[in-house]
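K.L.:
Take a look at the following structure, please.
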Amino acid sequence: MTTRVGVVTFPGSLDDGDARRAVKLAGAEPVALWHGDKDLHQVDAVILPGGFSYGDYLRCGAIARFSPVMETIIEGARAGLPVLGICNGFQVLCESHLLPGALTRNDHLHFICRDQRLRVESTATAWTRAFADGQEITVPLKNGEGGYVADERTLDELEAEGRVVFRYLDANPNGSRRDIAGITNPQGNVVGLMPHPEHAVESLTGPGTDGLGFFTSVVGVVGELVAR
Amino acid sequence: MSAHARVDTVKHAEVTPEAPQPWAELGLKEDEYARIREILGRRPTGAELAMYSVMWSEHCSYKSSKVHLAQFGEKAPATDALLVGIGENAGVVDIGQGYAVTFKVESHNHPSYIEPYQGAATGIGGIVRDILAMGARPVAVMDPLRFGAADHPDTRRVLPGVVAGIGGYGNCLGLPNIGGEVVFDPCYQGNPLVNALCVGVMRHEDIHLAKASGTGNRVILYGARTGGDGIGGVSVLASETFDDAGKPAKRPAVQVGDPFQEKLLIECTLEIFAEKLVAGIQDLGGAGLSCATSELASAGSGGMRIDLDAVPLRDSSLSPEEILMSESQERMCAVVAPENVERFLAVCAKWDVIATVIGAVTDGDRLEIHWRGEQIVDVPPRTVAHEGPVYRRPFARPAWQDALQADDPAGLPRPADGDELRDHVLAVASSPNQASKSWITDQYDRYVLGNTVLSQPEDSGMIRVDATTNLGVAIATDGNGRYAKLDPYTGAQLALAESYRNVAATGARPLAVTDCLNFGSPEDPAVMWQFAEATRGLADACQVLGTPVTGGNVSLYNQTGDAAIHPTPVVGVLGVIDDVTRRTPMAFATEGQLLHLLGDTADELGGSAWAQVVHGHLGGLPPRVDLERERLLAEILLAASRDGMIDAAHDLSDGGLVQAVVESCLKGGHGARLVVPDGLTPFTFLFSESAGRALVAVPRSEEVRFTDMCAARGLPTARVGVVTGEAVEVQGQFTLGLGELRAAVDATLPALFG
């Protein structure tokens, strides 16, 4: 059975099409989910894509968090549904309190778009199993508010529990605490990161294909769940 | 007294023929006002006057440029590629496989000087709606920019604002920014040029045109509410004219953008197209509702009746004149058959887009507008939209042109030895115009939509159109104001030649042209001569290269006092590539590949980057143009790309060969060793800006096949070096390490603006 991965479109979502393409290239079936529809249409996993949901005129992700579809996703995530938040999706996950901390304005105050090197710090999540521990990957980064912040205790906790999933290599692009690019929840089914793996799935249009691992990871995870 | 009683109705105008009217403050000339009275057979109402004044403005009516622009049609080369030509919102080009592409460049110069962020942001918004109105999904944007001196304090105000505005709007809209230009010159100090280009893709059958046909069809205004921003932005309005007691005395003339609203408008409009719910469509840009209603009505078969009270407002104190002139952003106007109205409104509701029926197509031939139960406009729409004044402005070659051309750069001191040559190479490469533009372009999203094959700093931006067949398009924009100042005719041709060459260098076949003609005041005969020469040059060159002008924009009055900008025709060329995986990048990425210089190098330094950077000099003649040579060069570049004979190509333009080598080496992370060919001095070899040239990297196994092909077709080639090491080395002259080069080239813009 093909894995069905839902990709939510909020008003102002921009990378929803890219996420659906990435899902397809990973061999799964992309399912478009609408922000106003609570029904997840029996998907096996959900991606919250990049963009500027509702214009992000308040805090990024602050409005999207209250959309009807998020009610079901939050419920599902707590029950183990694999959820990946990319960029704006990461911001939505933090606003939803599915992940701790918050994303703030880049320390240099500019939007930045560049090919970013990352280290995979944890492969014990639904979205990173296809990587090797410590693997270095390159995926595009593009955001204006990507500075990850949390209080020291939360940061220590994340480190101690192995929940820092990605760290920035080379120069820290946005002032994120402890070079954190992405984190997971204690169960490992919810992952949020600022860089965009869906833009690194074809060497023709991206810096390489390092991003594919995110999407093949979840296909494997779901496959095992089904088999069990 | 209520506002209602003050409205100037048609009836009132008929009985008060002598009432004084603010035509001069609205930018109309006395004879233009007289003509309006003659057309209407009475004095215009306040609302009619407002409409005529914005629609007859230079910006909307092209009244000074029209007679020259006609050449683009008269001299248009025969081509099968053009599906829609000049006159619509944008031209449409057939790229095969049932796909059509529409593209256009426009200016937003004046607003961007006054309010850089919003000016630049709404420039993107406006051009994107133009493309959308043709029925296409916008797929990419580009920004040709010109600023004053890089180290001038006001450039520090304008540039960061413009860049943030382009990024803030474009990034939030979800369109990749795939290229453009950034040029500094003191001549743009009070008149920065902020041009914006958008490209969109559609199927042939989806082309939509701006026309209102079918009696009884409804006119629907949808998108943002109408506010008081941008009133008279096109006609430079003194807004006190319409002041009622208690109203804000001044309305802001620069529009304020809301990219989120525009993103919804795009998705909503595309869904409306997909369900075939519109008979005609028009975006609201300059001149707002005045423009949309009069253009839709005059292009259709009937008249139109509009109820202005139905227009959703952000500010209930707006007068009808202000509603008609408002340039509030993110609005569109559609003509919809009655049976489709309900479905149309439902799609808008899905996207949270406000949509309102504001009128209907009538069987008459008048545009009639009503306000609070009374008629305030009753005009033949064509007289507003298309039959504005046309001027044959006097033009004359300026007296200083001869002296400028006589000031030949041959007299400038040239580098005496290898060390000095090295210094000059480093100085040019790290000068603001040649230095890395990453500080700017890294603020733009180039990845969104996932189809960006090439983006800045490549020779052209390239977008995949079809993921199954790998069909794609490439676009480049160029325009060298220094060349055009020395000789506007040649300068415009060089702009086209460079853009054409850039498209071909990436492996795409040039098909069509869009242009943004940025000039000073048309009331200055010298400027008008520059304009006449440039348009003539461009039209002639398009004819030879077989690339028709499909549309574009004219921006005049880029002038402070007597000081006009350099004449700056910015030319965008669109090309098609059947297989984007065969694209040719600019980077020297493979050690040992051979560098071939294609074309002829003469001692041509007039208007060059070297003359500017090293001597602050502008004089002499620009490089010679040979359009047949450009065409041959393009054919060679395409054939070599298709047959896998070259791995990299870079056009030669500002800064000459050495600048191209520096850029390709830095991009690829490999050095190059160059050998000066016989017959050229090292200086000329490195810095001459002769046109019709490109540098290519050829795998050793392909060299014979490649040079045989060039010889057979008559294109001169010379092996000038090899990709090797970690430095740019000119044998017997100097060595410049990539580390030192990169540090210098990367540091310039951050040091100025970071």
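Cβ atoms are placed via backbone N, Cα and C, with glycine included.
Curation plays no part in TrEMBL annotations; they are all automatic predictions.
Features from TrEMBL:
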DOMAIN    B:24-63  domain 'Phosphoribosylformylglycinamidine synthase linker'
ACT_SITE  B:HIS59  active site
BINDING   B:TYR62, B:LYS104, B:ASP515, B:GLY552  ATP binding site
DOMAIN    B:87-202  domain 'PurM-like N-terminal'
BINDING   B:GLU106, B:ASN553  Mg(2+) 1 binding site
BINDING   B:SER107, B:HIS108, B:ASN109, B:HIS110, B:ARG129, B:GLN255, B:GLU327, B:SER328, B:GLN329, B:SER555  substrate binding site
ACT_SITE  B:HIS108  active site, proton acceptor
BINDING   B:ASP130, B:ASP283  Mg(2+) 2 binding site
DOMAIN    B:215-371  domain 'PurM-like C-terminal'
DOMAIN    B:458-577  domain 'PurM-like N-terminal'
DOMAIN    B:591-727  domain 'PurM-like C-terminal'
K.L.:
Taking pairs 6 or more apart in sequence, does the count of Cβ pairs under 8 Å between the domain 'PurM-like C-terminal' (B:215-371) and the domain 'Phosphoribosylformylglycinamidine synthase linker' (B:24-63) hit 3 or more?
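P.N.:
With 3 or more qualifying Cβ pairs, these stretches touch.
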K.L.:
Please indicate, using numbers and ranges, the residues of the same chain that are 6 or more beyond the domain 'Phosphoribosylformylglycinamidine synthase linker' (B:24-63) and have a C-beta under 8 Å from a C-beta there.
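P.N.:
Residues 7-10, 12-14, 16-18, 69, 232, 234-238, 240-242, 286-288, 290-291, 294, 319-322, 324-325, 369, 371, 376-380, 383-385, 388-391, 522, 554-557.
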K.L.:
Would you list, in sequence order, the binding-site residues among B:GLU106, B:ASP130, B:GLU327, B:ASP515, B:ASN553 whose CA lies within 10 Å of the CA of B:HIS59 (active site)?
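P.N.:
Among B:GLU106, B:ASP130, B:GLU327, B:ASP515, B:ASN553, the ones whose Cα sits within 10 Å of that of B:HIS59 (active site) are B:ASN553.
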K.L.:
So what's the average pLDDT for the domain 'PurM-like C-terminal' (B:215-371)?
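P.N.:
Residues in the domain 'PurM-like C-terminal' (B:215-371) carry a mean pLDDT of 86 in this prediction.
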K.L.:
Could you check the recorded positions B:HIS59, B:LYS104, B:HIS108, B:ARG129 and say which one's CB has the fewest neighbouring CB atoms inside 10 Å?
P.N.:
B:HIS59
K.L.:
Taking B:SER107, B:ASN109, B:GLN329, B:ASN553 as the binding-site residues to compare, which has the smallest set of other Cβ atoms within 10 Å?
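P.N.:
Least crowded of the binding-site residues B:SER107, B:ASN109, B:GLN329, B:ASN553, by Cβ count within 10 Å, is B:ASN553.
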K.L.:
Please find which two of B:TYR62, B:LYS104, B:ASP515, B:GLY552 have the most distant C-alpha atoms, given that the record lists them as binding ATP, and give only that distance in angstrom, rounded to a whole number.
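P.N.:
Max span of the ATP binding residues, Cα based, is 17 Å.
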K.L.:
Of B:ASP283, B:GLU327, the binding-site residues given in the record, which has the fewest other CB atoms within 10 A of its CB?
P.N.:
B:ASP283
K.L.:
In sequence order, what residues of the same chain, 6+ apart, have a Cβ less than 8 Å from the Cβ of B:ASP130 (Mg(2+) 2 binding site)?
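P.N.:
The answer is B:ASN89, B:ALA90, B:LYS104, B:GLU106, B:CYS198, B:ASP283, B:GLY285.
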K.L.:
Compute the mean position of the Cβ atoms of B:TYR62, B:LYS104, B:ASP515, B:GLY552, which form the recorded ATP site, and then list in sequence order the other residues of that chain whose Cβ is within 8 Å of it.
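P.N.:
Nearby residues not in the site list: B:LEU69, B:ILE86, B:VAL105, B:GLU106, B:THR514, B:CYS516, B:LEU517, B:VAL549, B:GLY551, B:ASN553, B:VAL554.
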K.L.:
Restricting to the binding-site residues B:TYR62, B:GLY552, B:ASN553, which ones have a CA within 10 Å of the CA of B:SER107 (substrate binding site)?
P.N.:
B:GLY552, B:ASN553
K.L.:
Could you round the CA separation between B:TYR62 (ATP binding site) and B:GLU327 (substrate binding site) to a whole angstrom and send it over?
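P.N.:
About 19 Å separates the two Cα atoms.
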K.L.:
For B:ASN109 (substrate binding site), identify the closest of the binding-site residues B:ASP515, B:GLY552, B:ASN553, judging by Cα separation.
P.N.:
B:ASN553
K.L.:
Within 10 angstroms of the C-beta of B:GLU106 (Mg(2+) 1 binding site), what count of other C-beta atoms is obtained when all protein chains are considered?
P.N.:
25
K.L.:
Given the recorded positions B:HIS108, B:ARG129, B:GLU327, B:GLN329, B:ASP515, state which is nearest to B:ASN553 (Mg(2+) 1 binding site) when distance is taken between Cα atoms.
P.N.:
B:ASP515
K.L.:
Quick one: of the recorded positions B:HIS108, B:ASP515, B:GLY552, which has its CA closest to the CA of B:GLN329 (substrate binding site)?
P.N.:
B:HIS108
K.L.:
Using all protein chains shown, find which of the binding-site residues B:TYR62, B:ASP515, B:GLY552 scores highest when you count other CB atoms within 10 A of its CB.
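P.N.:
In terms of Cβ crowding, the pick is B:ASP515.
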